[in-house]
Number of protein chains: 2
Amino acid sequence: MQDNHNRDEMRDRIIEAALKRFTHYSATKTTMNEIADDLHCSKASLYYYFPDKGTLHLAVLEKAGEAYFTELQKEADRASSAHQALMDMISVRHAFVKKFCRLELFKTLKDKQLDSTGEAFRQARERETALIAAIIRGGVERGELANCDADRMASLYMLSMMGLRFALSDRAFTDDLSDGEFEVVREWQVQLAEIFIKGLKK
Amino acid sequence: MQDNHNRDEMRDRIIEAALKRFTHYSATKTTMNEIADDLHCSKASLYYYFPDKGTLHLAVLEKAGEAYFTELQKEADRASSAHQALMDMISVRHAFVKKFCRLELFKTLKDKQLDSTGEAFRQARERETALIAAIIRGGVERGELANCDADRMASLYMLSMMGLRFALSDRAFTDDLSDGEFEVVREWQVQLAEIFIKGLKK
DNA sequence: TTTCTGACTTTTTTAGTTACAAAGTCAAAA
DNA sequence: TTTTGACTTTGTAACTAAAAAAGTCAGAAA
């Protein structure tokens, strides 16, 4: 019989070590041997807990993503208006993207569009869209926003925000931008959000 | 002394031949020899009129761009409202992008960001932004839109529209999308424009 | 029985290398 | 002034070999 407690603990230690390496250097530049060395164990041990590097990478992304959504939800709950909620959301995403850009989210997405990894991303995006839709619905109920197709508007909002990032960066599907670039994207996103919310009012 | 009339005429014939090849196949897949053969002249002749392939490519893009701006201006003048003008603009751009996607605008832009080619693109984008700004100003003067920084809003609008295209296409900085993709981009652009304009109203 | 590892094999990346195609040049002809 | 055939140079795609990293497994350790 297996001891799930110890097993999960070791899994977590591996994920933690990988997260450190991945965020500091980058996922592709990190080898399984380096992670093993950090943990003072053998590479083969890593493969006892994860079938392959891709799965480990995904687990790392999921852990980071979980923290992101928790934070996002917290801010959304605290906000007093849809306007405020969306603005807070931009801040949270900005911090997250800046912190975890070395995790090569876009890069991974680009390759593994089809398999389970791609599916995980799709789910994450849907989850974020659902959160935005909820914020919009809240605004509608409170009379802050005009009645509208909240899901459609949430998708449009998401696409627009993502789009700004691509439109502003010459090397579009690169994960990490310079600090200056991140800031510029943020500014434009705030401006667009402002207009967007106005457009949903009345 | 040189005969500028004949000289320009030959330049035009070359541009025309290149345009045909470029739009049908693509700029990179077209060789100078092919263009020369189409014109029943030698490759060396081409180099008498254009210093290199890049310059010819730029001339072709400029010719296409000129047609684009002419059409754009025509539609803008005809429109009765800022709303209508921006909607018409989307149609014109849609048709243009679809027709000339083989000209490898993005691809070229990506490489030659710094040199004279990049400068030409920057100018073209500014020109388009100025056109949008003029439309917005018209709307403000007519009382259709609230007072605002028209230039800034025009830039934001441009970035958002471009962004949607990138956000929607998995292979972001690729020039030619499938017909279906083009149509999807168009639909989201129309929706965003709708919200955007509402957001600019009082 | 579960966890771990050294030694191993397989796969992927990278850094050359070559061979060909296309870009670009030029002296001389029209 | 314009054109060209014959030329050189440059860029690219297709192989290759070597290295590095991924991934496996029989058996040891706990």
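First residue shown is number 1, and so on along the chain.
Glycine is treated like the rest: Cβ placed from N, Cα and C.
Caution: TrEMBL annotation is automatic and unverified by curators.
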Range annotated as DNA-binding region - as stated in TrEMBL, picked from B:31-50, B:131-150:
B:31-50
Mean pLDDT over the DNA-binding region (B:31-50): what is the value?
98
Where DSSP helix means H, G or I and strand means E or B, what are the helix, strand and coil counts for the domain 'HTH tetR-type' (B:8-68)?
47 helix, 0 strand, 14 coil
